Amino acid sequence: MIGYILRRFGAAVLVLFAISVLVFLIFFATPGVDPAARIAGKNADPATLAQVRASFGFDRPLPVQYVLMMKHLFVSHDLTSFVNRGTLVIPQIIDAVPVTLSLVVGAAVIWMVLGVGMGTLAGAMRGTLVDPLVMLLGVFGVSLPVYWLGEVVNLITQKQLHGSVFSWVPPLGYAPLSQGVGQWALHLLFPWLTLALLYAGIYARLLRGELINALNEDYVRTARAKGLSERRILIRHALRCSLIPIVSLFGLDFGALVGGAALLTEVVFGLPGVGKLTYQALQNLDLPVIMGTVLYAAFFVVLANAVVDVLYARLDPRVRRA
Amino acid sequence: MPEPLLEVSDLRIRFGGFTAVDGLSFSVRPGEVLGVVGESGSGKSVSMLGVLGLIRTPGAKISGKVVFRGRDLLALKNAEMRAIRGREIAMIFQDPMTALTPVYTIGWQIAEQVRAHEKVSKRAARDRAIKLLDEVGIPAPEQRVDAYPHEFSGGMRQRAVIAMALSCNPALLIADEPTTALDVTTQAQILDLLRRLRADHGSAVVMITHDMGVVSEIADEVLVMYGGRAVERGSRTEVFHSPRHPYTWGLLDSVPRVSGPRVRRLPTIPGTPGAAGQGCPFADRCTHRLAACAEAPPLSGTAGHLDACWLPEEEKTR
């Protein structure tokens, strides 16, 4: 098991290295683009350009450029934004991470509880009215786009009913944990629910299918023949095996969301997270920021996948020796 | 003659309009091995699942009487039935590759069954699992108890499943084609094991199979099923040496012989198995068909050797 974990994280480091090389090449070895001009910022004077060129080694071979770039990114942290000259990229990302993490972790807890709960209920109550009802609810969640649902939620909680039922809802934006857990959670409550609804629907549908398959497996019949209770068969045998694919999907979704895929939710609810940062950078073609956020996103996706694979091996003994 | 351990009378199992088991009656005495033979779809597996209350298809209708140690199993509540399943009646299934939950160790799964029925510590349950694995011939059981199913071969898994089934010393073991998915050498070992365990534990065994060879090796009594009905019942010697039903003749003829002239093709029974209808279920495929076959013959006979056929007595001997 320990050997497996080490191997898995070794592979993750290799993947990260490959991604950083790829990102570097896309941004700095694309023909027709002067990377120095992109990094020096809007309307930079020739002196600054020359200084950037020297500092990033753009007159030297590509491998040297790569190493210098990584040094600016990870060691000296002094890459600056193209649009707002003087704004450092890395601290900007570091400031945005807690917002995104708060949003995604909270939503993940909600969607896992809801999704597993609904999926198990529907799978176990198959053949009764509960199953189609729960699944209808799931489809409902899947079909509501975040940008629409979020705006409707804002319309109701911030405007239409803000005077009466929803007077306790704080204005849009983020409240850091330093202002107290209560304020933090209150600001994030509706973003959490909005983001979680979509994923809860997907997970519930997936788990229901897995569970129904598992309940038809021979080992469930064996478990019944052993004289176990239906609840134990459902939870310890069928659900336990059905959760394996759910966990791997969760890792992918979680990594992608922390990496910036919660962009729509962040923009709609005015949360200054990584997604919003990427969104703004893309609008201005702010190359240094884009590069920073892409590498950051890749880091989280790869890390989440490595963690999931380790978890997967915990859940499924058949994977361990593979 | 001792009291029967299990007495099934007029068991009927229907799925919607399809009758899978049609008025099946048989009994098993303590310590006896009953071989239930028949081809696929003859209702042998489903009747045993019905006995244990393991049929969960919505719309399945089960009627009749299944008396086990004086209690009618079909009338029991779920919780009461659970206490019998796995403790007094254990069942093992055809495919050992899929019969064990893949994510738990063998020992855990055996201990789970022990602890479902007896108040014992985890430690004691584990020790019992090791002892059982040793008993069914798994080498190095102290280590193997912590192995996962995928680390076992098919034969070893079937041994583990048998160990699990025996964990609470059941009075009756129902084995549903326990050797079908195994290669011939392993089959012989598993049959040997079952025979030895029966001697040690004194459990009665119902052995469901389509393999006449298996029946001839292990059974005391034989029940031949066709189309959801019993067509012949008797002791092993009677059924093998003086079979009385045309279907049993067909079954026995389709087994290759060791002695005598070598045939180019083994005889087969023409046609395909049909469902139980109004008349004798075998009538469509029978070479001895009579006008009376439009009505189902009752299971009758003398001295424990029964058959369900309208043929006159003197024609039933070959």
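Glycine is no exception: its Cβ is also placed from the backbone N, Cα and C atoms.
Taken straight from TrEMBL:
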DOMAIN    A:97-312  domain 'ABC transmembrane type-1'
TRANSMEM  A:9-29  transmembrane segment
TRANSMEM  A:96-117  transmembrane segment
TRANSMEM  A:129-149  transmembrane segment
TRANSMEM  A:184-204  transmembrane segment
TRANSMEM  A:241-269  transmembrane segment
TRANSMEM  A:289-312  transmembrane segment
Report summary line: Answer key: the stretch among A:9-29, A:96-117, A:129-149, A:184-204 with most Cβ pairs under 8 A to the transmembrane segment (A:241-269) is A:96-117
Query - Distal contacts, the transmembrane segment (A:184-204) - CB-CB under 8 A, six or more residues away - result: 102-104, 106-108, 110-112, 114-119, 122, 134-135, 137-142, 144, 146, 149-150, 153-154, 157, 168-170, 173-177, 246, 249-250, 253, 257, 262, 265-266, 268-269, 271
Query - For the transmembrane segment (A:9-29), distant same-chain residues with Cβ under 8 A (at least six beyond the ends) - result: 35, 38, 58, 62, 65-66, 69-70, 287, 290-291, 294-295, 298-299, 302-303, 305-306
